[in-house]
Amino acid sequence: GEVMINGTPVDKDLMMRISGYVPQQDLAVSCLTVMEHLIFTATLKLDRRVSLNQQHRIITSLINDLSLSGCSYTQISALSGGEKKRLSLATQMLTDPLILFCDEPTTGMDSYSASSVLTVLRTLTERGKTIVCSIHQPSSEVYVKFDHVCLLVPGGHQAYFGTVPGAQQFFKSQGMECPPLYNPADFLLSKLNSSPEVTKEICQNFSDSPLNDALISEIDSIKKSSGKNQSVFGIEEQFLKFYSVCQPTHKTQMSWLMWRSGLSMFRESQRMMLRFFMYMMIALFVSLPYWSVKIDQAGIQNLQGFHYSVITEAIFMQTYSILYTFPAEIAIMLREINNGVYQAGPYYFSKAVVLLPRVVIETLAFCVIAFLLVGVEGGSLGFIMFSTPVIASAVASTAYGCCMSALFENIATASLLIVPLDFITYTFCGLFIHLSTVPLYLKWIKYISRFYYGIEAMSIMQWSKIYSIPCPEDAKLPCISTGYGVLLKYGYSPNNLWLDFSGLFLSFAVLHAIGFYAFRRRSQRQPVY
């Protein structure tokens, strides 16, 4: 079909600019307060030339008009159903749209909340806004608040369109009079659902009625007066402001998205502390078997096993914790991108940046416990050499987690790929197979393995500073007398240190590039509602 306003065809772009949509399900970052949510949305959705004072006046006016002043500093998670719906209305009204579409605005509400929401919508119409609502089985109190009603039946056929009082009069003319003290909406819907034959007859009678003829004549008159081939942009000055909006820069979008993500993490401090405690407990149990390990022939295997354990735990912990990053907010993110609040790029990279401090702090604390319990030598410099490859591996794993989180809609699907990939790449880390014996056609696998890069870097930095390993006097087996010999035993090369860190950095960059591409593609193709 064709979408027209005042008889003039409009395109999708203009329609999105001049209208707002309030969906049935109210979604927002629940830990934000009403005021914080509106400030965030206003900053990113309003013209960037709007001053802070103007922005504040707009927000304050909406809060007062929509009766949100009593909960403006309440977190969204604590709001009632009616308050959440009014917040959704306020969010859409920030840009002052001419038309507002509301999908089931009273669903799940008690009669008082439903009536209060409709009262707000009624007030908006008195200020010149056009409000279009889809609603099922409204109460009589809600029903009478509407000016016009359009009754649709399966197949999209129109059974009636006109004023609310006129609906009962039309059905009365069809021999279907609404009993006194009966909800008119329930009566009309019950008649439309009585039987296919009755429904078809009602639709046909309305199509042939003077009401429909008058409606068609009014539409034709509007189309003729506006000019059939003219665009809204060309004839309506009131629409010009919607074409001249200067969107916030990517830098502004990213900074505000980082602010929101950081605030969410701060407000979820209990969960963050529990996560940190569990991470420290894992560090404790990983390190205890290697308590005060000695550097001798028996200690070579113990110390190398410790290196493997620390790197792999850092990789696994960060990868699997970050898998929930995008699925947890995908519904909110898709809706906000579709509404033009921000773009996919700033959202993705803001998440990636906000994750880094948490990952570095957690991994650093993990390294402190492991370093002290095992008794790794070297003091402050030794700790830096110990923690650097662990942190680099953990940071690279955040990119892997973000990539997989962006590629798949749910964790179960992502795990189907992550588990075998991790198993394959872990096999080529040097623990299970001597790297020098790997067939030529499989050697490339180690170069996509974060485990290989991290463990080799750790091994080089730890063993290269050990120049002497004692050998027993009665040793009958070959004795490894230097750290260099240990590296050769496992197939590592001391010359590969910068190659390993370059590999981790390249993994970080490439995986984030893949993740961003998948995320942007997903934001464009996945249904929003």
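Each Cβ is built from the backbone N, Cα and C atoms, and glycine gets one as well.
The feature domain 'ABC transporter' is assigned by TrEMBL to 1-107.
Counting residues per DSSP class in helix, strand and coil order gives 23 helix, 13 strand, 24 coil for the domain 'ABC transporter family G' (136-195). The domain 'ABC transporter family G' annotation in TrEMBL covers 136-195.
Taken from TrEMBL, the feature domain 'ABC-2 type transporter transmembrane' covers 252-462.
Residues or ranges marked as transmembrane segment in TrEMBL: 273-293 (among others).
Residues or ranges marked as transmembrane segment in TrEMBL: 347-374 (among others).
Below 8 angstroms of C-beta separation, residues 310-311, 314-323, 325-326, 348, 351-352, 355-356, 359-360, 362-364, 366-368, 370-371, 450, 453-454, 457-458, 461-462, 465, 500-501, 504-505, 507-512, 515 of the same chain, each at least six residues beyond the ends of the transmembrane segment (380-402), sit close to that stretch. For 380-402 (among others), the entry in TrEMBL reads transmembrane segment.
Annotated transmembrane segment per TrEMBL: 414-435 (among others), in sequence order. Sequence-distant neighbours of the transmembrane segment (414-435) (same chain, 6+ residues past either end, Cβ-Cβ under 8 Å): 308, 312, 316, 319, 323, 404-405, 407-408, 442, 445-446, 448-452, 455-456, 459, 490-492.
Here TrEMBL flags 497-519 (among others) as transmembrane segment. Residues 326, 344-345, 347-349, 352, 389, 392-393, 395-396, 398-400, 402-407, 447-448, 450, 452-454, 456-457, 460-461 of the same chain lie 6+ residues outside the transmembrane segment (497-519) yet bring a C-beta within less than 8 angstroms of a C-beta in it.
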Helix, strand, coil residue numbers for the domain 'ABC transporter' (1-107) per DSSP? 52 helix, 15 strand, 40 coil
When pLDDT is averaged across the domain 'ABC transporter family G' (136-195), the result is 88
